[in-house]
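Per Swiss-Prot, these features apply:
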{"type": "DISULFID", "residues": "40-63", "note": "disulfide bond"}
{"type": "DISULFID", "residues": "49-68", "note": "disulfide bond"}
{"type": "DISULFID", "residues": "53-70", "note": "disulfide bond"}
{"type": "DOMAIN", "residues": "26-89", "note": "domain 'LCN-type CS-alpha/beta'"}
{"type": "MOD_RES", "residues": "96", "note": "asparagine amide"}
{"type": "SITE", "residues": "43", "note": "site 'Important for inhibiting sodium channels, in non-edited version'"}
{"type": "SITE", "residues": "46", "note": "site 'Important for inhibiting sodium channels, in non-edited version'"}
{"type": "SITE", "residues": "48", "note": "site 'Important for blocking potassium channels, in non-edited version'"}
{"type": "SITE", "residues": "51", "note": "site 'Important for blocking potassium channels, in non-edited version'"}
{"type": "SITE", "residues": "62", "note": "site 'Important for inhibiting sodium channels, in non-edited version'"}
{"type": "SITE", "residues": "64", "note": "site 'Important for inhibiting sodium channels, in non-edited version'"}
């Protein structure tokens, strides 16, 4: 019985440590015009994911779990249309500003 109590305490301790630590790398998976995540084949840092992340308004991204992950990508910029609307400086699309 004592082993079960000790095991339970260890499980609770480790779960609390994980929740206290929080997210080390806040970010998100960006989505394209169809709502799908961008697929990538070269895991880790690569030019394709950096380019995708720049389209979404952040400067750094990499391939994680075969999808592009953009660090510090906010929820409002996850979809490509919202990212363009929030970061585009094209005066033809927005003649009076945003």
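Yeah, the Cβs are placed from backbone N, Cα and C, and that goes for glycine too.
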Inter-residue Cα distance where the pair is residue 40 (disulfide bond) and residue 51 (site 'Important for blocking potassium channels, in non-edited version'), in Å: 12
Residue 62 (site 'Important for inhibiting sodium channels, in non-edited version') to residue 43 (site 'Important for inhibiting sodium channels, in non-edited version') - Cα separation in whole Å: 7
Neighbouring C-beta atoms (10 Å sphere around the C-beta of residue 62 (site 'Important for inhibiting sodium channels, in non-edited version')): 19
Rounded to the nearest Å - Cα separation of residue 48 (site 'Important for blocking potassium channels, in non-edited version') and residue 40 (disulfide bond): 8
Predicted model, mean pLDDT over the domain 'LCN-type CS-alpha/beta' (26-89): 90
Pairwise CA distance, residue 63 (disulfide bond) versus residue 43 (site 'Important for inhibiting sodium channels, in non-edited version'), rounded so that it is a whole Å: 5
Cα-to-Cα gap, residue 43 (site 'Important for inhibiting sodium channels, in non-edited version') vs residue 64 (site 'Important for inhibiting sodium channels, in non-edited version'), nearest whole Å: 6
Neighbouring disulfide-bonded residues, C-alpha within 10 angstroms of residue 40 (disulfide bond) - of 49, 53, 70: 49
